[in-house]
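According to TrEMBL, the protein has these features:
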SIGNAL    1-25  signal peptide
DOMAIN    33-134  domain 'SRCR'
DISULFID  C59-C123  disulfide bond
DISULFID  C72-C133  disulfide bond
DISULFID  C103-C113  disulfide bond
DOMAIN    162-275  domain 'SRCR'
DISULFID  C240-C250  disulfide bond
DOMAIN    299-399  domain 'SRCR'
DISULFID  C324-C388  disulfide bond
DISULFID  C337-C398  disulfide bond
DISULFID  C368-C378  disulfide bond
DOMAIN    409-516  domain 'SRCR'
DISULFID  C485-C495  disulfide bond
Amino acid sequence: MVMLAGVSPILLLLVLLLCRVAPSGQEPAPAQLRLVGPWGPAGGGRLEVLYQGRWGTVCDDGFDFHAATVACRQLGYTAAVTWTHSATYGQGEGPIWLDNVRCGGSEGSLAECIHNGWGTSDCHHGEDAGVVCSGQRLPSTPPEATTSAHLGEVPGLSLEEVRLKPILARAKLSMPVMEGAVEVKHNGRWRQVCDAGWTRNNSRVVCGMLGFPREKHVNTSFYRKLWNMKLKDPNSRVRCQGTEPHLARCPTQVAPPAPRQHACPRGMHAIISCLPGPAFQKGTGKGRNKTSQGKVLPVRLRAGTHAGEGRVEVLRHGQWGTVCDKQWDLAAASVVCRQLGYGTAKQALVGAQMGQGLGPIHMSKVQCTGHERSLGECRFQDAEQSGCRHEADAAVRCHVPHMDFQSQVRLAGGRSPEEGVVEVLVPVQGRLQWGAVCGAQWGLNEAMVVCRQLGLGFASHALQETWYWAGSPDAAQVVMSGVRCTGTELALQQCQRHGPVHCPSGGGRFSAGVTC
């Protein structure tokens, strides 16, 4: 170090340190964030950061709920619901700006969290992180009396949840609910929707969200005579094209009524009726993967742990093969879901998130409008031209009707919640009763249905003797025998079984059991 005449070395060192750490007088602005993907306006999507004039992504290494909370608050939402990994909302482009993000949860922006440094990453875009946020998003400009936007962008209007309220007494007892008044969740309360301007395209979108492939005509005049409801909620008018996977993707007009003016001049709920897929019709549990003949390209889902999800496979040239995830989106995924008898798609998954398939890759760059009857009617390229590999196999998660199947089966006596004696709830002499399943002829197909029905994934063992597991005292009677499943049913009650119960070995130690 060069010494200056007459200056103390200690004083010189303090001056140098102060010069090094002194602020420039202008703090850098927090990096701007955005959500990209089909759900972006509704609070979910791939997380992207604007830095040095370029948008880039965030790696999922080290990303957790605290980081998601900071990101959602910075985006203007109230809170985080969850975070996603492995490019759930599709792979981004450009730089990966942040890696190993560590937040405490109280930071004002994602840039304040600990990370490797801008652009310092060993990740690829298959590891892009995403977030799902909730709560009101603060508007950047003052809202006017009438706002046209996606529902997720309307200030104070949260229409992420939709349901049908059954009106007729017999409809209240049936599962799934297929006909009723449309209700949306707004500020934590369920509210009705006015039928003024309601179209069949709107009904198609709502039915899709509820797990139904199609809508049908409903006699609204019958309901008008039966129940003349007066609505006190804002007159929300939705205009869907019928191809949207979610009501939040439809343009809407929200116009608060004038003083002393009724919010819904016609005074009527929006009533819709939906058609269930084959697997959800009464008395059936098969055929959910069947398609009509002709030009319809057969499609199936594989390796999903729950109903309505899995790797997409199509039958071409007599051989089952997969679909490449290039340009894979919710429109194409929804065509697959509807073709299989489900509703629209909740997620279009990329990067072989449901496992890698075998054999050929039949399709790539699939582009659908949303009105196609089958995936084969969409535009696509042969995968050989795109250089795809099975690491890029596409998958879907579909909206499935609420059937309450999970409450009709349980496991008892196991060492963990994933194993035990199978007990089912079935009608016995006119009333519902819990009971055991005869272990004779019990196999892995039947066990797979039970595990799926319980939401526990796949079955690893099917047991015909369960002497080391104690069943429930109220379920000692054998109420089901001769069970035969194909393995694709949604509930054990949909499988073939004996009419009158016939179980010579009796229950007890010879009751059926599973390990999921």
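Placement of Cβ uses the backbone N, Cα and C atoms for every residue, glycine included.
Note that the coordinates shown come from a computational prediction; the quantities given were computed from them, not determined experimentally.
Taking CA atoms as the reference points, C324 (disulfide bond) and C368 (disulfide bond) are 14 Å apart. Regional average pLDDT for the domain 'SRCR' (299-399) in the model is 89. In the domain 'SRCR' (409-516), the DSSP tally of helix, strand and coil residues is 19 helix, 35 strand, 54 coil. In this structure, the CA atom of C337 (disulfide bond) is 19 Å away from the CA atom of C250 (disulfide bond).
Looking only at Cα atoms, C240 (disulfide bond) sits nearest to C368 among the disulfide-bonded residues C368, C485, C495. Cβ environment of C133 (disulfide bond): L35, G43, G44, A68, A71, C72, L75, Y77, T78, A79, A80, V81 lie under 8 Å away, each six or more residues apart in the same chain. Each of the disulfide-bonded residues C103, C240, C378, C398, C485 was scored by the number of other CB atoms within 10 A of its CB, and the lowest score belongs to C378. All protein chains considered, the CB of C123 (disulfide bond) has 18 other CB atoms within 10 Å. For C337 (disulfide bond), other Cβ atoms within 10 Å of its Cβ number 31. The Cβ neighbour count for C72 (disulfide bond), using a 10 Å radius over every protein chain in view, is 26.
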